[in-house]
Amino acid sequence: MKTLYSLRRFYHVETLFNGNLAVSGRDQETTGFAWWAGNARLINLSGKLLGAHVAHAGLIVFWAGAMNLFEVAHFVPEKPMYEQGLILLPHLATLGWGIGPGGEVVDTFPYFVSGVLHLISSAVLGFGGVYHALIGPETLEESFPFFGYVWKDKNKMTTILGIHLIILGLGAFLLVFKAVWFGGVYDTWAPGGGDVRKITNLTLNPGVIFGYLLKSPFGGEGWIVSVDNMEDIIGGHVWLGAICIFGGIWHILTKPFAWARRAFIWSGEAYLSYSLAAISMMGFIACCFVWFNNTAYPSEFYGPTGPEASQAQAFTFLVRDQRLGANVGSAQGPTGLGKYLMRSPTGEIIFGGETMRFWDLRAPWLEPLRGPNGLDLAKLKKDIQPWQERRSAEYMTHAPLGSLNSVGGVATEINAVNYVSPRSWLSTSHFVLGFFFFIAHLWHAGRARAAAAGFEKGIDRETEPVFFMNPLN
């Protein structure tokens, strides 16, 4: 749909200093936006906006493929992934590719294949992006009405929403298919110290799955982040996939109800703000998930969680001092509490000392030593296995601590130690990105609401310094 009049009165007017710099349909006069305002120039050019989005997808997939191959090229099988600064290979390993018992990498070829497939995909997307940005039709409405749209068309917008939901649902089911039929996924809780296995006994009980949503986010409750078995994770993806696909079909077949038409602002910038809010929330949830959860993010690949490293330290010194003759059940610490063991607020036996705050921790290397009332004193005296000692010593020395300059370890560490856990990187980056996306949501939501209310006039530029400068050329 060609616009026959200038859109300047509808947008902030950004003044272009060099008025001669113009590309057809993307200049200051026809769009009201200068070149540096990016995709805002394409608000009413659906064909060109398609090009921008496809090219953006190509950049994302190119990064994934290139970084994947970079990590494969630098990978050392003898060292754990988390010691090598890897953030992509742990995700592939969690999906069960190339992994044997105990999280050991037995084959790096699947990782290479993944990188190459992403690079090839990015080339296809890159070509499509360049084609639609430079050659394809400026608008899709005339030639391809199915792909065309007008931002104000509420029915079309919810149809597009429905298509997106169906694609998301299919993505959730891809994980289900991988876990149930195509080789399984890595389960850190598998007997004998973690292994790749097919998840056959899915949790489909809605009481269990939706019970996570009703839990408190604090302490030992932990909301959805507290999921601690693969059956619940894969079963949850069955539910999510089904809900997304059903919701997508619903949004395609129905028109928005009157209350929805009144409640929402129906403009491109409003949709941008809704998307930013959603992705901000996902960023915050991902931050908590990767920091606290050692089932979806196994410690074999991502390193221990903070609580896990702390509890591992207490366990390591309990083992050492017990060998030296200490009675760990009755030894008293400097505060009068138990030095090695104490009781939690609810009566369970837990590790004593500073790590008492992490008494909720569950980890595959520690659970065998628990009884009905917390840690079992008899098991601690007789049943500790060498693999548990090795695992806890390893995790104790790889706590997810680190600073901005990538010099890792605790403050007392020697300078030779340069270790920053992928958990630190992934949780910090997702928190920061989630925060920025939230600010962007507020910004664009405010602009969209102001524009809809009719008082979006832009900034008065009469006294702007640039007007009093000599031209660059």
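Including glycine, each Cβ sits where the backbone N, Cα and C put it.
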Range among 291-312, 335-356, 379-400 that Swiss-Prot annotates as transmembrane segment: 291-312
Which range of 17-39, 178-200, 408-430 is transmembrane segment, per Swiss-Prot: 178-200
Contact ranking winner - 69-93, 134-155, 178-200, 255-275 against the transmembrane segment (291-312), Cβ under 8 Å: 69-93
Contact between the transmembrane segment (255-275) and the transmembrane segment (69-93) (3 or more Cβ pairs under 8 Å, separation 6+): no
Chain residues in Cβ proximity to the transmembrane segment (69-93) (below 8 Å; excluding those fewer than six residues from its ends, i.e. six or more beyond): 99, 103, 105, 108, 110-112, 114-116, 119, 186, 297-298, 300-303, 394, 398, 419-423, 425-426
